[in-house]
Amino acid sequence: MVEPLNIALAGLGTVGTGVVRLIETNAELIARRAGRPIRIAAVSARDRTKDRGVDLTQYTWEDDPAALAAREDVDVVVELVGGSDGPALSLARKAIGNGKGLVTANKAMIAHHGLELASAAESAGVALKFEAAVAGGIPVIKGLSEGAAANKIERVYGILNGTCNYILSTMEDTGRDFTDVLEEAQRLGYAEADPTFDIEGIDAAHKLSILAAIAFGSRLRFDAVETMGVSPVKAADIEQARSLGYVIRLIGMAEIDRLDGGVGLFQRVRPHLVPIDHPLAHVDGATNAVVAEGNFMGRLLFQGAGAGDGPTASAVVADIIDIARGEKGAAFSMPASELEDIAPAPTGHRFGRSYLRFIVHDRPGVLAEITAAMRDAGVSIESLIQKAPSDDAGEVIIAVVTHEGPESAVTEAMRILDGSDNLAAQPLVMQIIAN
Ligand SMILES: NC(=O)C1=CN([C@@H]2O[C@H](COP(=O)(O)OP(=O)(O)OC[C@H]3O[C@@H](n4cnc5c(N)ncnc54)[C@H](O)[C@@H]3O)[C@@H](O)[C@H]2O)C=CC1
Ligand SMILES: N[C@@H](CC=O)C(=O)O
Ligand code: NA
């Protein structure tokens, strides 16, 4: 008789109930693949009486998630509560401290405390796994830390937030309003408990910092991710971008910067313009996609569902199966002590084309002021569109696409224009992804 792997689940929301459903539905197949059955020994969440659409009566209930980490009959704790600190972190610390494996989908906690938890797991000789934390159901952590393990990777980028991608692509396809589409993404279980994390780019920044650590063998530097979300993007930008041959996507990009003879870690999350014939332009809905460039493998593209109960549960259970097979692995693809401390790249090195959007008062001299600022900052204009006001508010949209050049020149042009009384709103700058 083979001993089961006994797991405890903390958090029974979108992902937690997805995990219960998956383990119950595919129990026999999972046992054959894992070499032994996966048994849910105990569960915990905030509200015991809530109807979650799954029968939990057969599992022991603990009111306090921390109690799961103390149970003798538990081999692996699965943390699906969320939040960078609080109950999730104390549960994670206790589980590892008590010699239990830890599986989590919590990118906020890993981005902030991943190094501490990885070191603790290594010392305790237990597994720490978080495949679901980056790009949901896509096995990108496995792909990079196992499939691409032999490569030097110096660039990784992609679409890392399902909620933002759902909002941007749905607005683009249907012309629907931002708030309305966000509510739909929340109903579908894509958004974080606090959706500000999604729309302000913080969730994507959590994921990017984890990916960068795995891809480059660098220490996590979430604090150094330059982050901007999608809230400043207006329906008019989506329309303008489309007329220029682009779509707008929230892109996370991490790169090793070797300019000026040093080595720096560049990490940025921002809305970008993506040419319509680029593979990332066709990533719609809650789909995520990650591109990684390795010195021997070339370019890899991972694509699939980045959020939602089924795909996320699939990644969580894959981690549990790995542990059942006796695979511990290294949380960040190498021992925590081997991760290099790479300082953030100096700003001002980036080079490329940009899209600049101004909302201005419709009066003489506005265009001249904008083009003069560009000239004085050394920004070369490739195209400029002025859109007639659609209402009688007396405001006009001016969209500028620049030639390739240093981003620092665009920043300087924005500095020159800052505070101008011709501007009716804060200008928006989006970088254009090269083909
Ligand atoms: N929803 C998604 O598509 C994805 C979510 N994740 C991550 O998975 C984790 C869980 O996310 P969801 O299931 O969407 O969240 P959720 O909000 O649907 O579920 C959270 C669960 O944790 C429980 N909980 C919250 N605070 C608690 C506390 N103080 N004590 C005890 N239980 C508590 C709640 O009762 C609920 O059962 C988060 O870390 C999230 O970032 C990762 C990838 C995709
Ligand atoms: N809120 C996240 C869920 C998955 O990580 C997202 O929208 O991508
Ligand atoms: Na994943």
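Note that Cβ sites are derived from N, Cα and C of the backbone, with glycine treated the same way.
As given in TrEMBL:
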- Ala10, Gly11, Leu12, Gly13, Thr14, Val15, Gly16, Thr17: NADP(+) binding site (BINDING)
- Lys107: NADPH binding site (BINDING)
- Glu192: L-homoserine binding site (BINDING)
- Lys207: active site, proton donor (ACT_SITE)
- 355-431: domain 'ACT' (DOMAIN)
Listed binding-site residues with Cβ under 6 Å from ligand 2, out of Ala10, Gly16, Thr17: none
Helix, strand or coil at Leu12 (NADP(+) binding site) [DSSP, three-state]: coil
Spatially closest candidate among Lys107, Glu192, Lys207, the listed recorded positions, to Gly13 (NADP(+) binding site) (Cα to Cα): Glu192
Glu192 (L-homoserine binding site) versus Leu12 (NADP(+) binding site) - Cα distance in angstrom: 14
Integer mean pLDDT for the domain 'ACT' (355-431): 93
DSSP-derived class (H/G/I helix, E/B strand, else coil) of the residue listed as 'NADPH binding site': helix
Whole-number Å value for how far the residue listed as 'NADPH binding site' lies from Lys207 (active site, proton donor) (Cα to Cα): 6
Neighbourhood of Gly11 (NADP(+) binding site) by C-beta distance under 8 A, where only residues 6 or more apart in the same chain count: Ser44, Ala45, Pro65, Glu79, Leu80, Val81, Gly82
Cβ neighbour count within 10 Å of Gly13 (NADP(+) binding site): 17
Remaining residues near the recorded NADP(+) site, that is with C-beta within 8 Å of the centroid of the site residues Ala10, Gly11, Leu12, Gly13, Thr14, Val15, Gly16, Thr17: Leu9, Gly18, Val19, Ala45, Leu80, Val81
Pairwise Cα distance for Gly16 (NADP(+) binding site)/the residue listed as 'L-homoserine binding site' [Å, integer]: 14
